[in-house]
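Lifted from Swiss-Prot, the feature list:
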- 32-55: DNA-binding region (DNA_BIND)
- 56-109: domain 'HTH myb-type 2' (DOMAIN)
- 83-105: DNA-binding region (DNA_BIND)
- 142-161: region 'Disordered' (REGION)
- 162-206: coiled coil (COILED)
- 308-329: region 'Disordered' (REGION)
- 337-368: coiled coil (COILED)
- 585-610: coiled coil (COILED)
């Protein structure tokens, strides 16, 4: 006898709806076969129809408006019985469109819900969208519900049947499983190793109680000397201990390792963190690759634009005469080509002239920047003896290679030492030169004598000259000429003579300006330091107090803003209540007037009837 054929379907329950929602959260809205495997009484098509027709949050379950009713009637005239197309246009399900259309037709025909003519209504395009007859629509005994997917779920019983309990337990187990195959295998291996270790310890304990001592390690020396790749690290190089104490770090590492082992043994390895880290690394790698591609593309485009500009500047237009032209036209075309060539030559000359100007400006700029470089402080090399410029005198005694070396070398000259003494002492001592714009205007300064004024003007002129020569050549100023050495020596001699004739008693010695060095001065300095320290502490305390004041001010401001908001809310509510009271009072007055007028009319009618 063949087994009974079980047809899937039937009324949906709350348990099945919840399982369907949880499965869609995990698997999505495309894996209907996998979702239907959690519901043994439903097929994949029924599961999809239940989601699309009833459970989807995208469904429009609001009341129908007049505009939608008019649109539904017009669309049914255009697309008769094409409920799928009509539902897509109205953003509703086909069952909703069918039921609404049937309701509108019944209302227009005057048919009530309890009439027999209701059974002649329309049906949808398929079994999933037929007007369903659920538990709430008054199914007769023995009738079959053809489309329960679009109707509310049946309430659960107080005691669930065994098959629904099994279905719920299996769904919980499958949907709550977040570990992969590898994590499960690792957990099984870990549990197996733990059980083996516990069994070995139990066996050793029993043997020890019987008087037999058994070690966990083997006694075979050959096997004991073999390397255990599971327990140790092959070719491990332990780093040497450094100057710092790492005992606390090692304790922390051991604690974290033990904590991680306990977490893995209880909960297992979470693959989510590893997957997230791998995804972040892949996204970062992709971003770097895209960034490199963009940089290469930009460089390639820049190089291509430069090459194209260079080629365009070289390229000339090819002007050929049309075929079959006369001699006169040929001469015209020849003249035009000659003029074009001349114009091209002129344009090339202009381009070359502009390039030469740019090169000259760049060369001047480079020269100015090189002139700003300070002279070398540490020169190494041997000082060659002075040799006359006439090489013919000693050519016989020197080889050709020596002559080339001597000609390429820079021989010392007395003029270099003489010139170095003719520049200003500030430059000789490599002291900083002030900027000319920072100097005071001499017109605003009052001088006692004319000599002081001349000295100040000469000082200004010398500063501008040195700054222009050694820092910035574009600054306004006149460079001073080199001084005559004889004149400089004469001035120095005059200064020495005048200094020798001066009275020694009037000259202050340098000893008067030496700072005192004794114990009292040290004590006074220490006292001053203590006073400065105390003042600094007072200032810091004041700063801290000011910060406390600022915090209190911020708190007060927050309280004020909060109170102001509350006051504004209360004021708004008061104004609203006041407006409502005014409107209600006006409405009451109008209603009283209306009622009084009606009472007067009734009184008049009563009087007339009497």
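Residue positions begin at 1 at the first shown residue.
Every residue gets a Cβ built from N, Cα and C, even glycine.
Secondary structure counts, DSSP: the domain 'HTH myb-type 2' (56-109) has 37 helix, 0 strand, 17 coil. Mean predicted confidence for the domain 'HTH myb-type 2' (56-109): the pLDDT average there is 90.
Across the range of the DNA-binding region (32-55), the DSSP-based residue counts are 17 helix, 0 strand, 7 coil.
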